[in-house]
Number of protein chains: 2
Amino acid sequence: MPSPVPAHPSLRVAVLGCGVVGTEVVRLLTTQAADLASRVGAPLELVGVAVRDVETERDAVVDRALLTADAEALVERADVVVEVMGGIEPARSLLLRAIAGGASVVTANKALLAQDGPTLYAAADEAGVDVYFEAAVAGAIPIVRPVRESLAGDRVTRVLGIVNGTTNYVLDKMASEGLDLDQAVKEAQALGYAEADPTADVEGYDAAAKAAILASLAFHTRVSIEDVSREGITSLTADDVLWAQRTGYVLKLLAIAERGTADGVEGVQVRVHPALVPVSHPLANVRGAYNAVFVEAEAAGELMFYGRGAGGEPTASAVLGDVVSVARHRVLGGKGPIESRYAELPVLPAAAARTRYQVRLEVADRPGVLAQVSTVLASHDVSIEAVRQTPVTETPDADYARLVITTHAAPEHALRSTVEAITGLDVVRRVVSVLRVEGA
Amino acid sequence: MPSPVPAHPSLRVAVLGCGVVGTEVVRLLTTQAADLASRVGAPLELVGVAVRDVETERDAVVDRALLTADAEALVERADVVVEVMGGIEPARSLLLRAIAGGASVVTANKALLAQDGPTLYAAADEAGVDVYFEAAVAGAIPIVRPVRESLAGDRVTRVLGIVNGTTNYVLDKMASEGLDLDQAVKEAQALGYAEADPTADVEGYDAAAKAAILASLAFHTRVSIEDVSREGITSLTADDVLWAQRTGYVLKLLAIAERGTADGVEGVQVRVHPALVPVSHPLANVRGAYNAVFVEAEAAGELMFYGRGAGGEPTASAVLGDVVSVARHRVLGGKGPIESRYAELPVLPAAAARTRYQVRLEVADRPGVLAQVSTVLASHDVSIEAVRQTPVTETPDADYARLVITTHAAPEHALRSTVEAITGLDVVRRVVSVLRVEGA
């Protein structure tokens with residue numbers, strides 16, 4: 001494979017962080033050096049890898065002579081800075097220092113971008129350098145570039161994403177093996193899919209950061225993680241998962257960003273919560289630790305992007321794609337897209353979201369119950385799409401039945417007051433669960 | 001929605017062609033003008049639409065004052081030329097004239113790119129302008145940009161695509177309603193999914209052009225449509241589709257580009273043919289007129305891109321995304337990626353492809369037949385993965401049985417000689433079909 005020696009001098013690349021992703025970034029920079037040079041038009045020279053402790057044992061691909069604990073000095077002598085250390089500080093200060101020094105930056109840091117991205121974007125715009133972050137959302141899946149570039153001539157109306165592999169693995173295990181949440185989380189931990197403290201994943205914080213980034217791009221509006229209404233998977237039971245299957249759905253943790261209106265004001269609504277997805281929907285088949293993002297746009301229609309959402313190699317692939325892009329700008333001139341926030345849409349409260357719901361009840365096993373419950377829904381303007389009533393057979397002499405109601409789209413406040421009223425009915429033994437239905 | 005007036009002067013956009021796609025491009029340029037101006041940083045001014053006959057009745061969105069039959073004069077006064085007329089000439093000459101005059105071009109013309117793309121790329125490189133063509137492959141699905149930019153830091157090993165919506169619709173109808181090919185094509189024609197002359201679709205020419213474009217991008221190597229081995233769907237029967245389902249597969253027309261070796265030489269192999277895809281594979285669920293492209297890369301792993309592959313609005317969405325990209329380069333400076341062909345991999349002959357096969361036979365209904373057939377396969381070094389033997393029940397007194405053999409991966413020439421030898425066996429009544437198995 002002939003690779004003509006490029007005429008442009010080497011570009012100096014610094015890597016901040018040498019965990020699972022950093023190691024794979026170093027590996028690709030090393031093993032693919034000839035290909036990368038041909039694609040960029042200049043060799044990429046790895047000038048250093050910043051780590052907390054240079055003495056820690058590391059993969060043999062990482063040349064120990066390149067390790068440094070002085071990240072601040074390292075970013076000063078780089079053309080491209082790759083940040084894969086995570087966390088807010090010192091990542092934020094280091095990237096701002098890199099930008100101020102004229103380096104372009106590539107980061108996989110979703111927490112930083114969802115909290116303080118605009119500070120980085122503004123600094124980069126002023127310095128005339130790039131901030132690229134494909135790896136921050138859904139790992140190897142190209143989603144940032146398609147949303148901010150390919151769909152730049154269209155109007156996105158909705159983004160529905162399975163953007164957290166850990167929770168998708170957990171829900172998948174619950175569905176396929178009937179495990180309860182704790183068992184499934186333990187299995188995910190044993191396989192390295194979940195951290196020892198799984199809070200960021202199971203409580204939806206990780207998905208919320210990605211939802212904020214996607215919403216910002218899709219709607220040309222600043223959305224931070226504080227704007228995202230968030231509910232994790234911790235309240236879901238094996239029974240919820242089982243009933244989802246029985247009624248033709250799959251339970252998924254979704255990150256959702258959509259256009260909507262509240263009190264006549266057009267805006268965007270961004271939320272993360274578990275939802276029932278019809279088995280026929282493309283997102284329903286996204287299994288295990290895979291991620292997928294489903295995008296609806298006015299002209300393009302429905303699009304889906306699917307792939308590995310985490311892990312060292314897939315994340316490194318996304319990082320290197322960005323490194324090639326920003327490095328090409330160094331060689332050929334020009335610059336990637338800047339922050340697009342001209343639309344300045346207001347972020348609407350979670351209560352403004354209109355969704356379908358599935359409500360599961362235990363009710364008295366006698367005639368007339370459905371009529372009473374239906375009357376309550378009607379009086380709150382919540383209309384019923386489907387009802388399923390089944391006697392309880394597994395408990396002998398059970399004197400109650402199960403009622404599963406699927407509603408048409410209704411505002412959250414209407415649903416809440418409806419459920420409250422239903423709970424107060426004599427014939428209702430218990431409201432077992434209330435789950436949103438999406439993607440129908 | 002505040003849209004600050006951009007300081008940059010208007011960019012002049014010319015559209016060549018005003019069919020289904022051209023009309024939707026004009027509609028988006030008109031109805032989304034404010035959004036597009038904010039995203040580009042300058043207003044996009046539609047300066048003309050070139051058509052063959054200015055008198056033809058058209059959609060009201062197309063201002064008749066903008067119509068012109070003089071495409072050559074039109075391209076001279078544009079900053080961005082959008083070509084959605086199709087065909088080789090005059091599209092090719094007009095684009096070269098536009099490029100020579102300093103305009104960037106956006107084209108949806110797969111046939112032109114697959115036949116003579118390098119001429120356009122070289123001219124654009126020399127003139128310092130962009131050639132963008134997201135809409136040329138798989139309509140609205142962002143696939144060109146992800147492959148040539150997002151995966152630029154990775155090594156793609158294989159691309160498997162359902163890139164022709166017409167044939168996917170036809171095969172889907174055959175599977176879901178038991179139609180034969182002619183009936184399904186007629187239905188596709190009635191719905192506007194297939195042309196009056198469906199040759200380009202059903203014989204695989206359209207898919208082959210897209211395969212050439214994808215292969216060029218994925219492997220950094222020039223691949224033209226003449227390099228693509230091509231087989232359409234015209235020989236497929238309702239029986240083939242039925243047996244695919246019975247054995248756990250779905251029949252799809254696939255465009256395949258993959259790395260491989262022949263006689264020790266590393267190269268790429270590009271082909272279009274019908275293939276059995278396991279029902280569990282993500283491509284198996286791509287229904288109707290949808291398209292999807294499945295990409296395997298060393299670091300990223302498996303990715304899939306899914307959406308509408310044709311139609312006016314989806315194609316216009318892809319065109320406008322490109323228009324925004326090239327227009328941004330006009331405003332901010334810089335330039336998109338140029339043709340990457342440094343790898344210069346040889347294109348390997350179709351016979352070099354190693355795939356799995358499913359061979360269906362009618363054989364004598366007596367003991368020992370399987371042993372004889374197996375011996376023939378073994379003697380040609382073709383190893384068997386699965387065998388299924390079933391008596392014929394629908395014909396009374398039938399004296400033969402059906403034998404379905406699925407092989408492990410084998411080179412095409414070995415399979416050909418195997419089938420020839422099997423055909424010559426006394427116990428074999430007929431070789432009913434030989435189909436490739438992909439995606440397993």
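Each residue, glycine too, has its Cβ placed from N, Cα and C.
Whatever TrEMBL says is automated annotation, not expert-curated.
Feature list (source: TrEMBL):
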ACT_SITE  B:Lys210  active site, proton donor
BINDING   B:Leu16, B:Gly17, B:Cys18, B:Gly19, B:Val20, B:Val21, B:Gly22, B:Thr23  NADP(+) binding site
BINDING   B:Lys110  NADPH binding site
BINDING   B:Glu195  L-homoserine binding site
DOMAIN    B:358-436  domain 'ACT'
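Feature map: TrEMBL annotations on the structure.
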residue	record	Cβ contacts under 8 Å, 6 or more apart
B:Leu16	NADP(+) binding site	B:Gly22, B:Val49, B:Ala50, B:Ala71, B:Leu74, B:Val75, B:Val81, B:Val82, B:Glu83, B:Val84, B:Met85, B:Ala91, B:Leu94
B:Gly17	NADP(+) binding site	B:Ala50, B:Val51, B:Glu83, B:Val84, B:Met85, B:Gly86
B:Cys18	NADP(+) binding site	B:Val26, B:Val49, B:Ala50, B:Val51, B:Arg58, B:Val62, B:Leu67
B:Gly19	NADP(+) binding site	B:Val84, B:Met85, B:Gly86
B:Val20	NADP(+) binding site	B:Gly311, B:Gly312
B:Val21	NADP(+) binding site	B:Val84, B:Ala108, B:Ala135, B:Gly312, B:Thr315, B:Ala316, B:Val319
B:Thr23	NADP(+) binding site	B:Arg58, B:Asp59, B:Val61, B:Val62, B:Gly312
B:Lys110	NADPH binding site	B:Ala136, B:Val137, B:Asp206, B:Ala209, B:Lys210, B:Ile213
Neighbour count (Cβ, 10 Å) for B:Glu195 (L-homoserine binding site): 13
For B:Val21 (NADP(+) binding site): DSSP state (helix, strand, coil): helix
Count of other CB atoms lying within 10 Å of the CB belonging to the residue listed as 'active site, proton donor': 28
Sorted by sequence, non-B:Leu16, B:Gly17, B:Cys18, B:Gly19, B:Val20, B:Val21, B:Gly22, B:Thr23 residues with Cβ within 8 Å of centre, NADP(+): B:Val15, B:Glu24, B:Val25, B:Val26, B:Val84, B:Met85, B:Gly312
Segment-level pLDDT (mean, integer) for the domain 'ACT' (B:358-436): 92
Residues in the domain 'ACT' (B:358-436) grouped by DSSP into helix, strand and remaining coil: 23 helix, 34 strand, 22 coil
Helix, strand or coil at B:Glu195 (L-homoserine binding site) [DSSP, three-state]: coil
CB contacts for B:Gly22 (NADP(+) binding site) [other CB atoms within 10 A, all chains]: 28
